[in-house]
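Here the structure is laid out as structure tokens; the discussion comes afterwards.
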Amino acid sequence: MKNLILGIESSCDDSSIAIIDKDNFSCVFDKKISQDESHSVFGGVVPELAARLHSTALTKILEQCKEYFPKLCAIAVTNEPGLSVSLLSGISMAKILALALNVPLIAVNHLKGHIYSLFLNEKICLDMGILLVSGGHTMVLKIDNRGFLKILAKTYDDSFGESFDKLAKMMNLGYPGGEKIENLALKAKEKKIKFSVPMKHSKELNYSFSGLKNQARLEILKYEKLDENLKSEIAYAFENAACEHILDKLEKIFKQEKFKIFGVVGGASANLNLRKRLQNLCEKNECVLKLAPLKYCADNALMIARAGVDCFERREFVRIEDEILSPKNKNFIRI
Ligand code: KG4
Ligand code: ZN
């Protein structure tokens with residue numbers, strides 16, 4: 001019986017392939033090769049380098065899951081949003097596989113994939129709120145009871161995760177910066193540096209992290225040399241203001257929307273400071289907080305394969321000969 005769906009994720013700098021059993025959501029194969037080290041020296045992702053690394057990493061992983069090919073019933077691949085050259089690596093592989101194995105092809109929006117990281121082993125639930133915090137996006141969403149998505153807030157400029165990456169770059173910490181900043185912040189002792197929370201007194205629900213980044217830049221310029229201690233103090237002040245900014249707007253949103261369930265997804269949802277604050281917010285509002293397993297917060301193919309299962313059930317397939325790459329977020333209308 002053909003009951004397995006193979007998912008491919010290559011929208012940015014993680015090459016990942018996973019295989020899920022569509023009948024019971026169990027994961028039968030899951031592998032990711034991260035390119036972090038290769039991009040670290042540049043302080044961010046270099047698209048051309050990412051594409052070249054995907055082409056070798058994806059084939060290497062594919063080789064390891066050949067034994068499952070006869071049981072595959074579909075191929076799911078991230079087709080938007082992301083770096084076009086990176087997306088293309090996964091899309092080309094997915095098309096060739098679907099053609100060779102004569103199985104349908106499923107195009108998965110990356111942000112929808114992140115939402116599915118909350119439901120890797122279970123049925124999706126609708127009628128809930130979502131905070132999506134990644135390197136490319138920061139948004140608050142509502143999924144209505146029919147599965148339609150409404151964006152309640154988003155960032156005007158940098159995303160939450162991206163702002164951590166940029167601070168890390170300013171302090172020569174390498175890429176990606178989120179975990180590095182979080183770990184440094186834990187070492188802060190004096191905690192005297194304070195950054196103001198962006199748009200604190202505005203009724204506006206959207207986010208902006210560029211001003212906070214600038215506050216950090218100006219603080220760094222005050223010192224001739226940044227030692228480990230100073231870096232920790234800056235990281236602490238930055239992380240707190242960034243998390244406070246997220247929570248400040250969410251508190252306003254929670255007053256408008258009476259969420260019963262609220263989920264947080266995306267690479268930066270691994271941040272424990274943010275998780276703790278969200279837990280408090282949800283408790284205060286008698287709302288259940290749903291978190292993705294730490295391993296599946298960042299980009300991964302299992303969430304793409306899992307999203308592929310629901311598309312498969314609805315027979316949402318794309319034609320192999322069609323142009324499915326769309327680096328912009330075009331198909332983010334319903335789950
Ligand atoms: O979802 P993801 O893997 O890729 C995108 O779709 O963008 O998210 C990666 C982002 C990076 O910006 C990374 O610095 C950030 O998530 N990130 C964090 C943490 N771990 C990863 N940001 C803050 N705190 C963290 N612990
Ligand atoms: Zn992502």
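Including glycine, each Cβ sits where the backbone N, Cα and C put it.
TrEMBL does not curate its annotations; it predicts them automatically.
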Among Asp248, Asp299, Asp310, which residue does TrEMBL annotate as binding Fe cation at the site that also has His110, His114? Asp299
Of Asp144, Asp165, which does TrEMBL put in the substrate site with Leu132, Val133, Ser134, Gly135, Gly136, Gly178, Glu182, Asn271? Asp165
Within 10 Å of each Cβ, count the other Cβ atoms, then let me know which of the binding-site residues His110, His114 comes out lowest. His110
Checking the binding-site residues Leu132, Ser134, Gly136, Gly178, Asn271, which are within 10 Å of Asp299 (Fe cation binding site) at the Cα level? Ser134
Collapsed DSSP category at His114 (Fe cation binding site): helix
Rounded to a whole number of Å, the separation of the Cα atoms of His114 (Fe cation binding site) and Leu132 (substrate binding site) comes to 8
Fewest neighbouring Cβ atoms within 10 Å: which of the binding-site residues Gly136, Gly178? Gly136
Provide, as an integer number of angstrom, the distance between the C-alpha atoms of Leu132 (substrate binding site) and His110 (Fe cation binding site). 11
